[in-house]
């Protein structure tokens, strides 16, 4: 698999590419299946439909890897939190965590066993996927998942989380540790079900100041990565902490690929990290609105990463109103322009 080879810094015939949120609302085919499912969470839980939408970008765009269709918040959901998605508001937990008692109510022993719909979707997708295409499993980082569990929803300033971080750091560490143990088992089950690679999304990494990022986020991501790498050395682990270009000097640990977001200059990440890791990223997602902007972005990134291990991706998820034609153009352009 070209994607897996690139993760391990092996030579590839061209630069492999996939897109975050590639199974998503910009595809009419996705919208049709989502309509049939009823709502977002029902789609996540219907493993046949989740598999179908995971495969759509392979069939429509010819990307080099599929990522399983799911959501990072199914983990706290199956630990016992009440999750719902409100239109225009995103995810909401009706019972956010603010005390040790709240935390102790959550089931960390059986949560990974209740996520069979994810494993079944992975199994089915791997069966249907051609052998040269990789299948990516994923989870959120403990910190990013915890922000939703504590805030009760998305947040602009993470005031509740940060209040806990500074007033009661022991409780926050207990929450993060509990999540970390569940996520290890969850990812292991994903690998057993057919995932060829794992990505850990730390979407809200940049909410933390320098030292606190390494204490409350990165250390837990590394604990998960160390667990996976010790048991499954042939499974590449991708870490994607978003928005921490100022923290790259201290990025070190046992993982394979560093995901670069679009706000981080790729040459900076290359100079600091490419001797240790393959890099993934990092085109500005809004460039996909315009073919000239796509061409310019692709050329610049391929030039920056010339002769370095690289997986092409956007620097964040594809937006819902991107024309499919532009997404197809982007994928083909990367594969053809980078062909050795």
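Note that Cβ sites are derived from N, Cα and C of the backbone, with glycine treated the same way.
What Swiss-Prot records for 21, 22, 23, 24, 25, 71, 148, 203, 316 is substrate binding site, and it gives sequence analysis as the kind of evidence. Other Cβ atoms within 10 Å of the Cβ of residue 21 (substrate binding site) number 18 in total over all chains.
What Swiss-Prot records for 71 is site 'Transition state stabilizer', and it gives sequence analysis as the kind of evidence. Listed in sequence order, 40, 41, 44, 91 are the same-chain residues at least 6 apart in sequence whose CB falls under 8 Å from the CB of residue 71 (site 'Transition state stabilizer').
Residues listed for substrate, 21, 22, 23, 24, 25, 71, 148, 203, 316, cover a largest CA to CA span of 23 Å.
Residue 148 (substrate binding site) has a Cβ environment of 26 other Cβ atoms inside 10 Å. Annotation for residue 316 (substrate binding site): same-chain Cβ neighbours under 8 Å, separated by at least 6 residues, are 20, 242, 261, 262, 285. Note: residue 25 (substrate binding site) has non-local neighbours 31, 34, 320, i.e. same-chain residues 6+ apart with C-beta under 8 A of its own C-beta.
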